[in-house]
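Chemist: The signal peptide annotation in Swiss-Prot covers 1-20 and rests on similarity to another entry. For C22-C72, C36-C87, C39-C125, C47-C103, C51-C105, C108-C115, the entry in Swiss-Prot reads disulfide bond. Residues or ranges marked as N-linked glycosylation site by Swiss-Prot: N43.
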Amino acid sequence: MTAIYLMSVLFGLACGQAMSFCFPTEYMMHVERKECAYCLTINTTICAGYCMTRDINGKLFLPKYALSQDVCTYRDFLYKTVEIPGCPHHVTPYFSYPVAVSCKCGKCNTDYSDCIHEAIKTNDCTKPQKSDVVGVSI
């Protein structure tokens, strides 16, 4: 019994190192505009996880494109649009956000992703919250 358990643990570790774990993950964000009365809580999905990558030792002799590493990024996504409540008539109350449908390990595409690693910004509301949002697909 112990040998079977040990082999299954080793197999799991080997597969875990060989496979990437990049998939849509639930994410809650808060959206507010200074002109509007409320903060909106939105539940969406983002791509999260890790991808297998290797750091090459001979960096001086390789072109820059060979030095890029794979990141967990969107394969398929769609945008949803919500209306922020309590906005005056002169302010556009609509906010669009991406929803991850599927993810992949690949190069970061700056057309639709923020590829710069920055310090985590707070994701808080400073105004009264509204939740249970129904998004409108565009």
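Quick reminder: no glycine exception, Cβ is built from N, Cα and C everywhere.
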Chemist: Between the Cα atoms of the residue listed as 'N-linked glycosylation site' and C125 (disulfide bond), find the distance and write it as a whole number of Å.
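Modeler: One finds 14 Å between the Cα atoms of these residues.
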Chemist: Between the disulfide-bonded residues C36, C87, C108, whose Cβ has more other Cβ atoms within 10 Å than any of the rest?
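Modeler: That would be C36, with the highest Cβ count within 10 Å.
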Chemist: Measure from the Cβ of N43 (N-linked glycosylation site) and count the other Cβ atoms within 10 Å, all protein chains considered.
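Modeler: So the number of other Cβ atoms within 10 Å of N43 (N-linked glycosylation site) is 13.
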Chemist: Looking at the disulfide-bonded residues C39, C47, C51, C72, C105, which one has the fewest other Cβ atoms within 10 Å of its own Cβ?
Modeler: C51
Chemist: Taking Cα atoms as reference points, rank the disulfide-bonded residues C87, C105, C108, C125 by distance from C22 (disulfide bond) and give the first.
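Modeler: Among C87, C105, C108, C125, C105.
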Chemist: Which one is closest to C51 (disulfide bond) in space, judged by CA to CA distance, out of the disulfide-bonded residues C36, C72, C87, C103, C125?
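Modeler: Nearest by Cα distance to C51 (disulfide bond): C72.
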Chemist: If I restrict to non-local contacts, at least six residues apart, and a C-beta distance under 8 angstroms, what lies near C125 (disulfide bond) in its own chain?
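Modeler: Non-local contacts for C125 (disulfide bond): H30, E32, C39, T41.
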Chemist: Write down the Cα-Cα distance for C105 (disulfide bond) and C72 (disulfide bond), rounded and given in Å.
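Modeler: Here the two Cα atoms lie 5 Å apart.
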Chemist: Out of C47, C105, C108, point to the one nearest C87 (disulfide bond) in space (Cα versus Cα); all of them are disulfide-bonded residues in the record.
Modeler: C47
Chemist: Return only the integer: C-alpha distance in Å from C105 (disulfide bond) to C47 (disulfide bond).
Modeler: 10
